[in-house]
Amino acid sequence: MIRPRRSLLFMPGSNARALEKARNLPADGIILDLEDSVAPDAKAMARDQIAAAVAAGGFGKREILIRVNALDSPWWIDDVSMAGKVRPDGILVPKISSVEDLTAIANRLSDINADLSIRVWAMIETARAVLHAEELAAASRDSETRLAGFVFGPNDISRETRIRMQPGRATMLPMITHCILATRAYGLEILDGPYSDFSNFNGFGQECTQARDLGFDGKTLIHPGQIEACNAIFTPPAEEVALARKIIAAFERPENASRGAISLDGQMVERLHADMARRTIAIADAITAMGRP
Ligand SMILES: CC(C)(COP(=O)(O)OP(=O)(O)OC[C@H]1O[C@@H](n2cnc3c(N)ncnc32)[C@H](O)[C@@H]1OP(=O)(O)O)[C@@H](O)C(=O)NCCC(=O)NCCSC(=O)C[C@H](O)C(=O)O
Ligand SMILES: [Mg+2]
């Protein structure tokens, strides 16, 4: 099933007001954070607050992920145990660097008999994760890993590697493309990292457009003011959807039944374009079904 993931909004699990607001924000998904946005002495309170919020429900069709703490922290076992009980759509695990890390999470989920519907998302935000991106993506062939996709983490990458984050992201493009290729080779999804300068709407729009064109499925966000623009940029434009329907209709005509390539409005169109068109329509229909812009 195709699920729109244009916009996934992070919110600190310690911020009760943000958790309450989440139920009415037009993001495709919500990431309830226990990691970097929560101070060490607030971890337990945030865990309880997230558990209560997810158990209470009311998030509609929004995808709910819980970002647990990293495997080298003292909190991750309690975080994963809580997530296993309250059954979000998935958990997002920061600083995954090896297949062994994925196995540790899978084992913990299995030990607590966590529902199989809970998927695992890996943050790719260490040098080792980028270097091993293909190996990590390939681990999804073992269904026990529950791996659904990657979320790129530019801030931690920058912290560890000293590669600077710059407008246009020239410094990070090679690794971004490398990660996108790894996910697509194994049929996984990938979301872009957040844009921290949340009052810079121009810069944010440019980064969303770039993310879409690079092939990301959507972008993670840090402020509600980023949702609308992000949704608009990742929504297939009406003319693209109309063209997609035209391509499919053209291949369904009896005279084209045995043709691989046809001419449509002066352009060569092949069956691979019909495959792409079907995906565009599926995404557009899924967005419509969510009932929000
Ligand atoms: C960035 C913020 C700290 C800014 O907070 P604040 O100054 O309070 O914002 P506003 O006054 O503009 O807020 C207006 C209203 O919107 C609500 N709000 C704000 N942010 C959120 C949110 N993320 N989710 C839900 N609601 C939110 C406020 O409560 C106000 O509501 P109201 O009372 O009705 O007026 C703050 O936005 C924030 O904390 N953002 C999330 C930070 C976060 O989660 N960070 C972790 C993810 S990013 C990361 O970890 C990097 C990654 O791993 C990497 O390595 O790259
Ligand atoms: Mg990070």
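Glycine too: its Cβ is placed from the backbone N, Cα and C atoms.
A quick note: this is a predicted structure, and the numbers were derived from the prediction, not measured.
DSSP classifies R67 (substrate binding site) as strand under the three-state reduction. Residues or ranges marked as substrate binding site by TrEMBL: R67, E125.
DSSP assigns D156 (Mg(2+) binding site) to a helical segment in the three-state reduction. If you look up TrEMBL, you'll see E125, D156 marked as Mg(2+) binding site.
The domain 'HpcH/HpaI aldolase/citrate lyase' annotation in TrEMBL covers 6-224.
Of the listed binding-site residues, namely E125, D156, the sparsest CB environment within 10 A is found at D156. Same-chain residues at least 6 positions away in sequence with a Cβ under 8 Å from that of R67 (substrate binding site) are, in sequence order, F10, I31, L32, D33, L34, E35, I91, L92, V93, P94, M123. Distance between Cα atoms for D156 (Mg(2+) binding site) and E125 (substrate binding site): 5 Å, as a whole number.
Residues belonging to the domain 'HpcH/HpaI aldolase/citrate lyase' (6-224) score a mean pLDDT of 98 in the model.
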